């Protein structure tokens, strides 16, 4: 019998809690990640007030220097620790795949200076359309169509861009490049990015409509992902008949593998929290696992190096945490964590190699305290043990520490 009938894992995308031991091997604009500290530097430079996470024990997580504006809690309502990544990457897919039990020894490729000419030329030859070279770099999805949409409407050229993650994105105005044509181009791009030196996690079709100055991305987005190279705990749960619910980009990250119920993409963190709450309220969701990603921390504030915006985003989540808890049952378990860091005060604009926090809460807890410090995959090992399925490649369960 399961200790918890339902477990809800919420990933606060990029909310790291201090440089990992191997941060010297990862870089931002030529600077090693050794001094990165997402939560620490936000609390230091912008101030941070997250009383609901403090109650669970956020401020009690072991750190060389305590979080400046996040106090410790003498009698927390939950259990906390920090977890280290073992995989050779600091991107979204690597972090999430490891959380679900995989050790990624061959990281995906990222293209901070844009894609090489060889890839662009192949896409041009296949599509019969030119590519706007100035867009070929890490770019905000809304900014790139604002900047190059008018030109695309005049010339029919493709807008090809990337991000901090191993993705190739193609934006196309639906009146200029029909959606079906865009999909065919993306399918081709997927076929040429399945191995080094261009091993990409996802190709994303990004259709949009509107006029210059008023472009809007449509619901016709389509992701061409790769499935995890081995079964994750999601697969093991699904195979055992345990329902799995994906909120936000979780379904895309795992290419639908092991997901029995996709609750859709998030328009914002707040929308994602709304979707999570609706998921918690589903009458048929009496047992199982929900997995939510809230990406605004990373996409809107981490990469843009905006510590004040990042702080406000954390405040927004913390303010809504009681709503999430209010919709949980007594024998539910809530796990709050991250997938990598993205220190908004650091050099460059890339993710940072950091520990991630882990907060565990259940109304059924009679104890509290620290969970032994471990690794990302300990989360999935704990979920697996709770539901009586095998763990994946790696991970040590901390289920026995939750009392």
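Each Cβ is built from the backbone N, Cα and C atoms, and glycine gets one as well.
Feature annotation from Swiss-Prot assigns Mn(2+) 1 binding site to 13, 339, 340. In the three-state DSSP reading, residue 339 (Mn(2+) 1 binding site) counts as coil.
Swiss-Prot lists 298, 303, 351 with the feature Mn(2+) 2 binding site, giving sequence analysis as the kind of evidence. Under DSSP, residue 303 (Mn(2+) 2 binding site) is assigned to coil, being neither helix nor strand in the three-state scheme. Cβ environment of residue 303 (Mn(2+) 2 binding site): 138, 163, 164, 342, 349, 350 lie under 8 Å away, each six or more residues apart in the same chain.
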Residue with minimal Cβ packing [other Cβ atoms within 10 Å] among the binding-site residues 13, 298, 339: 13
Those residues of the chain, 6+ apart, with a Cβ under 8 Å from that of residue 340 (Mn(2+) 1 binding site): 14, 16, 85, 90, 91, 92, 94, 95, 351, 352, 353, 354, 356
Three-class DSSP secondary structure - residue 351 (Mn(2+) 2 binding site): coil
Near-site residues: Mn(2+) 1, ref 13, 339, 340, CB cutoff 8 A to centroid: 11, 12, 14, 15, 16, 92, 95, 96, 298, 338, 341, 342, 351, 356
